[in-house]
């Protein structure tokens, strides 16, 4: 199809128009509004970098930033370790391995909002009952402070996403030719050697994919945060996405919320691109 | 592996499987208890058990209504995304110019933009033209989800030889006929992937519809959120509501599992 041909543009237009209306025009507007005193409807003046200065002094935003960074570090490690572990488990030959795949992936089908509600019950009622029965104090009063709120969010995310990460690792594990493993066995390599010297390097591309997914998902989490802790107690478990939404719709500070959203965009985009570039290079080195 | 090792793995797997399913067990058993029953023991089996929670939450959730809304929005959005993004990908892939390369980069870069960066101007614009309803939402889903879909389609299109187009053209087919009769049917494996990924994302979405939909058009997640706010700490009703709302998803999963696993893998790996 040629650039000038009518059909080229007819085929492309619906999607391009939607993309422009829904993503590109709003993001440019938002960028502009972040330099004004916009109230969601109109603005009276351009304020330069004032909103950006304010946001770096905004305790809620800074708290949300560090809380989110901690959450992302912990979940990226746990999801990749557990996801790979589950993948290695269910790709072994034993009775019920396919059924287990089904089970591990199932939470991923349920939306974050409902998952948060499910676990709110388990943390507040189930853990409490278990703690009483086993006389374990650490199981009690979950979600009433920052620490248990943090680990609550981590547990929900790990329960939800491990199966997803597992599926991706399985796809790469199945691509490893069986002959290589068999040959290594004949040469007398131990299970650990086969894993570190063969399996691990061969699934390096899976790390790139899984790191990317877990990193960017971790930063963008909102639904689970809303339904599990709603940021509480006292906004101590509020993550970046939620702080941005609340700055707009609870505090009515639309211009500041836009400035936060632009910084959020830069953080997410930079980390995603850096991470992919780094892992590509590492893959080439292997 | 020797027999002992296999039994060992089976036991580890069994324990992990129980751990994974335990939340579902707790939700299900407690949804049949009275408030007193939950208070007395969360971990026990429901005794005495009651179905009243389901009757009440079914009504309070307006379950049939919200299920219908969820279905309409998901089906319309997914069909529109499949049609438009496959057409766009076809145009881009069969045109080897700098322009189409640039447009493809535009689609890919849109994937990096988080929702929060567009949400306020987006809802303000759609509100200004009175499009804050399910049809506006369907258009928004096309805008948000087209990028990944175009990207997936265009990867598959690259493997379909252009000779297919040319021979149809010689036989006098128009561009539209070539696409619908020859190309699109060959794309069906990736169409399944695009459909699965979008169904899961759209069905479960909360934040965007909560900003766009009027109450009469509430989907299941929105209704659940409201319901939860109303019945705070009335766990017997809340749990029945949760169970009701995940039944459609679990049924879909068990029915379409093979395609779902394939779709999710393709979406992440390609």
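Numbers here mean position along the shown chain, with the first residue as 1.
For all residues, glycine too, the Cβ spot is worked out from N, Cα and C.
Taken from TrEMBL, the feature domain 'ABC transmembrane type-1' applies to B:67-256.
According to TrEMBL, the transmembrane segment annotation covers B:7-28 (among others).
Feature annotation from TrEMBL assigns transmembrane segment to B:71-92 (among others). With a cut-off of 8 Å between Cβ atoms, the residues of this chain six or more beyond the transmembrane segment (B:71-92) that come close are 100, 103-104, 134, 137-138, 141-142, 145-146, 149-154, 157, 179, 183-184, 187, 191, 194-195, 198-199, 202-203, 209, 217, 219.
Cβ atoms under 8 Å from those of the transmembrane segment (B:104-122) belong to residues 92, 140, 144, 146-148, 150-151, 154, 207-208, 211 of the same chain, restricted to positions at least 6 beyond its ends. Taken from TrEMBL, the feature transmembrane segment covers B:104-122 (among others).
Only residues 6 or more beyond the boundaries of the transmembrane segment (B:134-153), in the same chain, are considered here, and those with a CB under 8 A from a CB of the stretch are 69, 72-73, 76-77, 80-82, 84-86, 88-90, 92-93, 104, 107-108, 110-111, 115, 122, 126, 187, 190, 193-194, 197-198, 201-202, 208-209, 212-213, 217, 266-267, 270. As annotated by TrEMBL, transmembrane segment applies to B:134-153 (among others).
Only residues 6 or more beyond the boundaries of the transmembrane segment (B:182-203), in the same chain, are considered here, and those with a CB under 8 A from a CB of the stretch are 70, 73-74, 77-78, 81-82, 85-86, 90, 141, 145, 148-149, 152-153, 155-157, 160, 164-165, 168, 173, 219-220, 249, 252, 256, 259-260, 262-264, 266-267. According to TrEMBL, the feature transmembrane segment maps to B:182-203 (among others).
Counting only same-chain residues 6+ beyond the ends of the transmembrane segment (B:235-256), those with a CB under 8 A from a CB of the stretch are 27-28, 30-31, 33-35, 37-38, 53-54, 56-58, 60-61, 63, 67, 70, 196, 199, 203-204, 220-221, 223-224, 227-228. Positions annotated as transmembrane segment by TrEMBL: B:235-256 (among others).
Residues 1, 42-43, 239, 242-243 of the same chain lie 6+ residues outside the transmembrane segment (B:7-28) yet bring a C-beta within less than 8 angstroms of a C-beta in it.
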